[in-house]
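Visitor: Handing you this structure, nothing more for now.
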Amino acid sequence: MDEIFGIPAPLLFGQLLLGLINGAFYAMLSLGLAVIFGLLNIVNMAHGAQFMMGAFAAWMLLAWGGIGYWWALLLSPLIVGTIGVILEKLFISKLYKLDHLYGLLLTFGLALIIEGVFRNEFGSSGLPYRIPAELSGAWDFGFMFMPVYRGWVVVAALVLCLTTWLLIEKTRLGAYLRAATENAALVQAFGVNVPRMVTLTYGAGVALAAIGGVLAAPIYSVNPQMGSNLIIVVFAVVVIGGMGSILGSILTGFTLGIVEGLTKVFWPEASATVIFVIMAIVLLARPAGLFGRK
Amino acid sequence: MSIQRRDLLAAGAVTALGGLPRARAQGTQTIRIGVITDMSGPYRDTTGPGSVVLTQQAVQDFLGGGRGFQVEVLQADHQNKPDVGANIARQWFDQGVDAVVDLPTSSVALAVNQIAREKNKVHLNSGAATSDLTGAQCSPNTVHWTYDTYMLAKSTGAAIVKTGGDSWFFITADYAFGHALERDTGNFVRAQGGRVLGNARYPFPATTDFSAFLLQAQASRAKVLGLANASTDTVNCIKGAREFGLHRSMKLAALLMGVVDVKSLGLESGQGLLLTESFYWDLNDRTRALTQRVRPKNQDRPPAMVPAGCYGATLHYLKSVADMGVAAAKASGVEAVNRMKAMPCDDDAFGQGTIRADGRKIHPGYLFEVKTPGESRNPWDLYKVVATTPGEEAFRPLAEGGCPLVRS
């Protein structure tokens, strides 16, 4: 058996693949954050809580309504996105003229409240959610045993990321959005309802988090703190990629997933820290992030 | 993004603990018991509010006949951080709290252990697992009631080695508890002629995805995957092991797992797992009677093992206080613990038992097997008893612990 740096090659390939799967989650979550930050200038600390709400919505749909995974994939983002729209209307829209820090504190507070409510209601130990029958089972690649569901997560995440990127960079709607970020007053003068557009953008960013939550529900235990463990890493991903850069956050998400995966092989104890070390280095060398514009 | 939410939480928690002791009218004497536990993290469901409810139940059962003194129960959230837990304990002891109860999370327990000794108060530990509490770090102010890593390792570990699982790979939570559990289990495996082929220590509590470690375990070709972790982490590991097909070639040994975790995992994925506890609600008539008293106050759930330990420890402490007098008990934590050690224990959760010189509470350990969905008759009917280890054999022999209190 061939070895690379003292690690058997099959094990290394397996770990690279796993890194890609984790990277898919980082990419999906950081994408939503990048959309919201890029277009609204809000640092959405509630993103992890919204990811968790997506997973819980899927669980509730199944447990209380008998509605399965595929419908949940559609309905859960709609439900959580609508809640996002309401939050934006009620609270966040009041903060656009203020410093970033206010948005950060507000959404951080919202995240604590949401997680607290779920913890009181459902406890901390998590709820079971089964892998849908169509996606259960595994492929035997020879070098590793690859669960079908994890493969589906990578494909779904890639499709989602590309669609979002195309929507923002290549369509007329995306052009309006980008124009509104540059000069809202001017776009409004052309007859575009900018406040509504901004509200819907926030809703869409939140919906992206919720889709991530539904995808995660069968893999991890559905519990109130599932988002808070992930969110700090995802913020680091966004910072490394460049605040607000859509493409940057996608590429960085996948890359850092792989880097983290490799760290888990060579030095497991450092796997939670490696991303922050990279963040520190990137901030020193390129303060705007790898893909940030100035 | 320089603000870390956990730092903010820590700062907030110490100031907003809630129940700081209030000044009370003088006259009747009051014993103050503070429950320090995990109210907001991964161990909330196995400890947390349940521990508070069961501590209050012990007070209620004890005071039923009127004892001539009052008991006040306080509660606080240590968030699994040693510094937060230590701050709470210090503050409470200075404000007249006589005993702290529960203290899950070994790193927090070891920190508070020092403070209770320094202030000469009482530390009734139920939630922490590390056997060091009655070993190298034992203290005359501490009683370790419910279970420890040695007991889990001996019962579950030995049972699995006996069925042919003689080579192990550990996935370990990288802190005091995981290290102790891995060490104690590894010792048993080796003592029985087995081998430990490797381990992966993951950062706690910052890890959600265990697949990388599961793959390393698979590549080690060990026969047994030892999970030296707890709660959500264990559940995620077992889920992942099934997903990646580890259960086809390896046995899973969940070294610390309780009813709440089995419930969260579901019987479908959990059936057949072997695990060790010192309390189960459906064990005998006394445990069922306790369950009936407590269930309505405990979100309609039967008590889990750690809260049951809070019940037993608190009840025995209060009996000792009544025996020696409130003033004497308040004056010296060491004396109160000595009285606890001198009196035989008896409560509904654990039956009869004793407390050893090193602070170790002695009672039987039970090896359970998780039922299949077909065998389970009600939502909390989860276990069948496989073996019972008598108290004298369940825990580490007094002489082997290296506790300085014993040597002299």
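Heads up, residue numbers simply count up from 1 along the chain you see.
Just so it is clear, glycine is given a Cβ too, placed from its N, Cα and C backbone atoms.
TrEMBL feature annotations, pasted as is:
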type	residues	note
TRANSMEM	A:12-35	transmembrane segment
TRANSMEM	A:42-62	transmembrane segment
TRANSMEM	A:68-87	transmembrane segment
TRANSMEM	A:99-118	transmembrane segment
TRANSMEM	A:149-168	transmembrane segment
TRANSMEM	A:200-220	transmembrane segment
TRANSMEM	A:232-259	transmembrane segment
TRANSMEM	A:265-285	transmembrane segment
Visitor: Give me the stretch from A:12-35, A:42-62, A:68-87, A:200-220, A:232-259 with the greatest number of Cβ pairs under 8 Å to the transmembrane segment (A:99-118).
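Guide: The listed stretch sharing the most Cβ pairs with the transmembrane segment (A:99-118) is A:42-62.
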Visitor: Report, as numbers and ranges, which residues of the same chain sit near the transmembrane segment (A:68-87): CB under 8 Å and 6 or more residues beyond its ends.
Guide: 46, 50, 53-54, 57-58, 61-62, 110, 132, 199-200, 202-211, 213-215, 218
Visitor: Which range out of A:42-62, A:200-220, A:232-259 gives the transmembrane segment (A:12-35) the most CB pairs under 8 Å?
Guide: A:232-259
Visitor: Between the transmembrane segment (A:42-62) and the stretches A:149-168, A:200-220, A:232-259, work out which stretch tops the count of Cβ pairs under 8 Å.
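Guide: The stretch I would name here is A:200-220.
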Visitor: Let me spell it out: take the transmembrane segment (A:200-220), skip the flanking residues so only those 6+ beyond its ends count, and list any with a Cβ under 8 Å from a Cβ in it.
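Guide: For the transmembrane segment (A:200-220), the nonlocal Cβ contacts are 25, 28-29, 31-33, 35-36, 39-40, 42, 44, 47-48, 50-59, 69, 72-73, 76-85, 87-88, 92, 129-132, 149-150, 153, 156-157, 160, 164, 177, 226-227.
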Visitor: Mind checking which residues reach the transmembrane segment (A:149-168)? Cβ under 8 Å, same chain, six or more beyond either end.
Guide: 18, 20-21, 24-25, 27-28, 31, 35, 131-132, 135-136, 139, 174, 177-178, 208, 211, 215, 218-219, 246-247, 250
